Amino acid sequence: MEILMTVSKFASFCTMGANASALEKEIGSEQFPVNEHYFGLVNFGNTCYCNSVLQALYFCRPFREKILAYRSQPRRKENLLTCLADLFHSIANQKRKVGVIPPKKFITRLRKENELFDNYMQQDAHEFLNYLLNTIADLLQEERKQDKTNGRLANGSLDSQNHNSNAPPPSTWVHEIFQGTLTNETRCLTCETISSKDEDFLDLSVDVEQNTSITHCLRGFSNTETLCSEYKYYCEECRSKQEAHKRMRVKKLPMILALHLKRFKYMEQLQRYTKLSYRVVFPLELRLFNTSGDATNPERLYDLVAVVVHCGSGPNRGHYIAIVKSHDFWLLFDDDIVEKIDAQAIEEFYGLTSEISKNSESGYILFYQSRD
């Protein structure tokens, strides 16, 4: 049995090596970007949801640069952030240009820290992205808090560490990169008073419709909703419940806009989630038109830099891959396999025009990076 396992592993790595060699030849030594590395990630049992998100984040340059800068700081005790920093550092400092890396330490830590991922079942890539970004932000905030406490202890001002303890946690570079702000506007139809409430986000989840575009979906996200009957709005000016119009607008656009397409819908008659393989076009360039009147950067223009693609018919079955833009060309990362693809091939991941077949390769999470 051990001999068979060894032969199998050897054959697998030979295949990886051949794939890497082919990729290097296809890109060409003269065209290969300086200080760039393209490494597939080994699948440790249905960890494609993790691999695809990590590849997408690696090619979000502002995020990669912050992670690598964190790695150069004095070492701290192991956590999910240090494991991610070690993985990115390992990729960025390989002697070879292409190849395969096993993200074993990161996966082990992930499974240790969150029981949701502590199994060999397929998980949701969006849930993982959300967990990862929030965990990194929490760790950075905790480290900053510890550093300030240690500094106060060194200065002999222990009593001040609880000063302003009710203040919101400080912003981190995760927020600087991914955080945007929505404003929820409600207009009373009786007195015309408008009230608004801001809400921060690290990614936007949008409903999908058949044969549409991501621009259409984003406009739908901001459609005006009428609050009436039992859903009337309590107006502070009128001091009573009134009919009102409610809509969501984008007040602050993030540096990197992560868009989650809500492709999994719970079907009551089936008692389970099913996939909406609708064809939703996502352009290489994007500008949002559903910004608020007081938006800080309404004209911000975005370029598509990465897409996490779901292949299959449901959330707990199928496979995840990532397509990323690196310099002037596109790459497809399928766990340990890395291939160069044409920009036109991205159209294959829009979804299906027919609802008969639910099995498709569909864009699931889009990463747009601002030009400014």
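Each residue, glycine too, has its Cβ placed from N, Cα and C.
A quick note: this is a predicted structure, and the numbers were derived from the prediction, not measured.
These come from Swiss-Prot:
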type	residues	note
ACT_SITE	CYS48	active site, nucleophile
ACT_SITE	HIS319	active site, proton acceptor
BINDING	CYS188, CYS191, CYS235, CYS238	Zn(2+) binding site
COMPBIAS	157-166	compositional bias 'Polar residues'
DOMAIN	39-371	domain 'USP'
REGION	150-169	region 'Disordered'
Proximal residue to the residue listed as 'active site, nucleophile' among recorded positions CYS191, CYS235, HIS319 (C-alpha distance): HIS319
Secondary structure of the residue listed as 'active site, nucleophile' (DSSP, helix/strand/coil): helix
Cβ neighbour count within 10 Å of CYS188 (Zn(2+) binding site): 22
Separation of alpha carbons, the residue listed as 'active site, proton acceptor' and CYS235 (Zn(2+) binding site) (Å): 48
Candidate with the highest Cβ count within 10 Å, taken from the recorded positions CYS48, CYS191, CYS238: CYS48
Neighbourhood of HIS319 (active site, proton acceptor), C-beta criterion under 8 angstroms, separation at least six: CYS48, HIS310, CYS311, GLY312, ASP334
Number of Cβ atoms other than its own within 10 Å, given for CYS235 (Zn(2+) binding site): 20
Env. residues of Zn(2+) site, Cβ within 8 Å of mean position of CYS188, CYS191, CYS235, CYS238 Cβ: LEU189, THR190, GLU192, THR193, GLU236, GLU237, SER240, GLN242, ALA244
